[in-house]
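According to Swiss-Prot:
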SIGNAL    1-21  signal peptide
TOPO_DOM  61-606  topological domain 'Extracellular'
DOMAIN    153-260  domain 'Cadherin 2'
CARBOHYD  Asn227  N-linked glycosylation site
CARBOHYD  Asn531  N-linked glycosylation site
CARBOHYD  Asn538  N-linked glycosylation site
CARBOHYD  Asn576  N-linked glycosylation site
TOPO_DOM  627-814  topological domain 'Cytoplasmic'
Amino acid sequence: MDAAFLLVLGLLAQSLCLSLGVPGWRRPTTLYPWRRAPALSRVRRAWVIPPISVSENHKRLPYPLVQIKSDKQQLGSVIYSIQGPGVDEEPRGVFSIDKFTGKVFLNAMLDREKTDRFRLRAFALDLGGSTLEDPTDLEIVVVDQNDNRPAFLQEAFTGRVLEGAVPGTYVTRAEATDADDPETDNAALRFSILQQGSPELFSIDELTGEIRTVQVGLDREVVAVYNLTLQVADMSGDGLTATASAIITLDDINDNAPEFTRDEFFMEAIEAVSGVDVGRLEVEDRDLPGSPNWVARFTILEGDPDGQFTIRTDPKTNEGVLSIVKALDYESCEHYELKVSVQNEAPLQAAALRAERGQAKVRVHVQDTNEPPVFQENPLRTSLAEGAPPGTLVATFSARDPDTEQLQRLSYSKDYDPEDWLQVDAATGRIQTQHVLSPASPFLKGGWYRAIVLAQDDASQPRTATGTLSIEILEVNDHAPVLAPPPPGSLCSEPHQGPGLLLGATDEDLPPHGAPFHFQLSPRLPELGRNWSLSQVNVSHARLRPRHQVPEGLHRLSLLLRDSGQPPQQREQPLNVTVCRCGKDGVCLPGAAALLAGGTGLSLGALVIVLASALLLLVLVLLVALRARFWKQSRGKGLLHGPQDDLRDNVLNYDEQGGGEEDQDAYDISQLRHPTALSLPLGPPPLRRDAPQGRLHPQPPRVLPTSPLDIADFINDGLEAADSDPSVPPYDTALIYDYEGDGSVAGTLSSILSSQGDEDQDYDYLRDWGPRFARLADMYGHPCGLEYGARWDHQAREGLSPGALLPRHRGRTA
């Protein structure tokens, strides 16, 4: 306990010397943190060493702080060391220790605002580096000095307060800080106002910095903004200082009433116009421009019973603009004297002074002008019966001139009359029809016809008035009802079979001259009422039934139809009814009335038209069939025609699928029976692009014999040609048709188109190819002349049979 007490006294003495700043104080306090107590017991580890205080900004360096010693130093040498912030941790090099003496030195100036304390650990080691004592803690506290000025948080503080505010009204608050130790007077701040002008209207709380009003007299119209100079000082007002400003703005209140600049205003207005400005009313207001306390509102107190004037406020100038909302009439009133007042948009403060010119008079003089005519009744509505004849009076659409002091005449004309139906008297405005208006006019909307009439005066600058004339076209019952289509159908012969026949009626007239319709059997024929009955279904339909069984067939009835107009119109109309035999379901039995029903809906003219149409259709079908037949026959006359005209040798045209019979006659027998049908073609032979060319003069085809007497010569020529054919095999030799022959002798096909005309063609060389090409040679070669024809006639006279024309060798066709 004695050692601890001595340690505490030493630390207190050190702190006192440091705080008093005793010059030359260098001897540090010696600490024995490991000294044993008198009872030879060690000091506990948990025993806390009081902090070591050192002032910041100490300039005498190095400065000894403290000396530590170990009790074991008497037994041998001890090495001391320290660790922690300021030694081997940032900031490094602030503290050091003499390892032999244990003295701790301050090597750098301290700044409490950066680091207010350091916690170090002290070690005692022997020369071998072994620990002699347990580590102990050293805490070094940096003592604050008043080395920081206070600082305001803002360079300029702003505040607002209403003008005329009572004393003690809060305005704003100034705030400041000090980096020194807040637990010392170095950071004890005091606020004050250095300057605010005269009189002193504001005060500041020295501790809190709140600014408040201290007396009345704040008037925005006198001073709108106050600029105060504030000061803050530490050491409770005796230390370092700093300054700032406070800008206080006074908010406006409506403490000034608006006033007119004059007691009377004089203006002029033109009659018969509206929506125009007449003049301006000037006012003054000292309150803040643009605020509700400044904006003026005008009221017309007297002189405008009809509400013809209004006053609006110009937002830029705050002047009142007098306007006309209803047209003025010079003839009714030449002068207007208005009494006008002005107030602000915001209510006036109770303590504010009343305005001396809060009201003014406005005198308005009306100028006379040429006004347009005025129709006495506009729009004018009238009615006219449907189908009114031309010249019918419709109405008199008259107008008056409001300019009583100007003697002017009015003239009338049409501006809109789409059907050109009306005629207007230019002097009186009398309107009458000039033709009959069609009920189907597209300009008749809902039974109303609309026209526009103009009235114009004769002034130098004439004015025009527009009037609307609406004419209701009254419906007239001028049409009788008729039976509605479609025509009636069949009716059962039994009175209680089937639904009966539903009859309907229509009427071209509009309501109320149309339905309901009345259906009645003609009273001229009493027998109709005994055989038939009519029952009303609704306003437009009735049902017809037989009273008892009536004969089947066509019955001609007569109905009397009447509408509901005034006066009613009626029409007697015939009705054809077909009566048939019906089954239990009330439907006509098949074929019961088929024949008779055809006459119910067709007249004689319709039947004639139907028959004529059928006959015309039949004639057209016959003409088409004949034309097709002639066309087919004409096609059969061609060069390569059908099997009947095929005269090629053993080349048969079957014109059927699968081929025909193998053995058939290769010649056309009909041509042999009628040799006169074969004649020379008219004109030169056609140019054949698909035939061989090369000879200069083609031979004309041979002429067939015109008489049966020449048949023998013709046959002999055929036999001679067959015998002289080198390609014909011997008799009774099998023919091979699948042999395609040798290659072509010609080396090129360029000779096909080498000629320029038909005269350059020569087809006689085809005869050299054998009898199979004789037909082509006859068609395109030179004619054989009279000698060939004579042989034909000779053969015919010899009476040779057609079979002689057949070749001697016939083979099978592939």
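Cβ atoms here come from the backbone N, Cα and C positions, even for glycine.
For the domain 'Cadherin 2' (153-260), the model gives a mean pLDDT of 90.
Take the Cα of Asn227 (N-linked glycosylation site) and measure to each of the glycosylation sites Asn531, Asn538, Asn576: the nearest one is Asn538. Asn576 (N-linked glycosylation site) and Asn531 (N-linked glycosylation site) are 15 Å apart (CA-CA, integer value). Of the glycosylation sites Asn531, Asn538, Asn576, Asn531 has the largest number of other Cβ atoms within 10 Å of its own Cβ. Here the C-alpha separation of Asn538 (N-linked glycosylation site) and Asn576 (N-linked glycosylation site) works out to 22 Å.
In the three-state DSSP reading, Asn538 (N-linked glycosylation site) counts as coil.
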